[in-house]
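Novice: If you scroll down you'll find the structure; I have some questions about it.
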Amino acid sequence: MELVGRAWRTFAGVAIQLFWGGGMFLLTAIAYIVRDWVDLQLATSVYATSLLCLYWLIPESPRWLLTQGRILEAKEVLEKVAEANGKTLPAGAVEAMGKAEKEEEESPKNDGLLTVCSYPVLAFRAIVLFVNWFVVVMVYYGLTLNVGSLGGNIYLNFFLSGAVETLANIVTIYALPRMGRKKFHCFSMLLGGVANVSFLIPVLVGGSNTTWVGIVLSNIGKFGATGGFSTIYVFTAELFPTNLRNSVVGTSSMVARIGGIISPYIADLGDLVGGKFGTSLPYVVFGLSGLVAGLLALLLPETLNQKLPETIQDAVHFGKSRASDADNKSMAKKHSVNADTEISSSEIVSVINGNGHMNQAFVLEKF
């Protein structure tokens, strides 16, 4: 996401999830052929060694390089991007941006999670995001791992789960630029929550053949969880500045894995409780958790069509309708090289990806 302009942020952040769905389809086929779990584990793992070659193929983030003062490396990356897009990187633009970053006194280079805790606004947003990451991963993996208890053919159920996930990611790509991150994430979590809680209805009052109802509700829940999963990646990355982005996203992912660890135990609650209520209990837990997380997400600011924050102060004031004159001057200084030019790493990336126009004589399109 740090390599593309504003117009492509949503696509870059969500489209990669389509390959996750493709992996589920491939896993279904391999699992159908390779029935022994040890052989299946080997068959789906050994290929990963080939991914090591990506280290030499994927460029470093120019935004991050600039915040670290590695100007020449950032310039080299941006020149390659500009050349690939048929653009020309303005002479001195990267050096000027590097100088502006160096003059920033508000953000030390080695900011981490402790820095987030020292700003109440950022700490609150981080906590809300941690809760949402925890819940969305818990629900996602819980529903995925629970396909075996839905009845019917487990291979068909898993294939349908992958199809629903692919559809959810396609919908997410089109919905995020229209609904915004906050609204769509909230909608996805509430949809999944309601669908999972509704699992009580066929279990408690349904007849003997309610398998198909459970499968439908489970897949609706999976649709919501997938939409929330895809959105939360984009949402989190856009709420925090460049020098904190990796720390916050990484910590969020770590918290999310705790939800992934807990999810199979919640899925097994039905075996412990037993009876009709026991069958629906895991879905009720997933559903209520999704409802709480979705409502909490409404407390976060919207990031749609907003410039990525590049300093801590940018992030602190992000989403506020009014900033003080002093803050405005500080931000203006950050983006100004001289009286006639405003340059930021966001704008440079935006321009060389074809989302704006740049020269050394006028104000650039904000990214």
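Using the three backbone atoms N, Cα and C, a Cβ is placed for every residue, glycine included.
Below, the features straight out of TrEMBL:
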{"type": "DOMAIN", "residues": "1-305", "note": "domain 'Major facilitator superfamily (MFS) profile'"}
{"type": "TRANSMEM", "residues": "12-34", "note": "transmembrane segment"}
{"type": "TRANSMEM", "residues": "122-143", "note": "transmembrane segment"}
{"type": "TRANSMEM", "residues": "155-177", "note": "transmembrane segment"}
{"type": "TRANSMEM", "residues": "184-205", "note": "transmembrane segment"}
{"type": "TRANSMEM", "residues": "211-235", "note": "transmembrane segment"}
{"type": "TRANSMEM", "residues": "279-300", "note": "transmembrane segment"}
Novice: Applying the under-8 angstroms CB criterion, which one of 122-143, 155-177, 184-205 scores highest with the transmembrane segment (12-34)?
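Specialist: The listed stretch sharing the most Cβ pairs with the transmembrane segment (12-34) is 155-177.
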Novice: Over the domain 'Major facilitator superfamily (MFS) profile' (1-305), work out the mean pLDDT and round it to an integer.
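Specialist: Summarising the domain 'Major facilitator superfamily (MFS) profile' (1-305) by its mean pLDDT gives 84.
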Novice: Are there 3 or more C-beta pairs under 8 Å linking the transmembrane segment (211-235) with the transmembrane segment (155-177), counting only pairs at least 6 apart in sequence?
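Specialist: When sequence-distant Cβ pairs are counted, the transmembrane segment (211-235) touches the transmembrane segment (155-177), since at least 3 lie under 8 Å.
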Novice: Residue list, the transmembrane segment (122-143) vs rest of chain: Cβ under 8 Å, 6 or more residues beyond ends.
Specialist: 113, 116, 161, 185, 189, 192, 196, 218, 221-222, 225-226, 228-229, 232, 235-236, 239-240, 244, 248, 251-253, 255-260, 262-264, 266-267, 282, 286, 289-290, 292-293, 296-297, 299-301, 312, 315-316
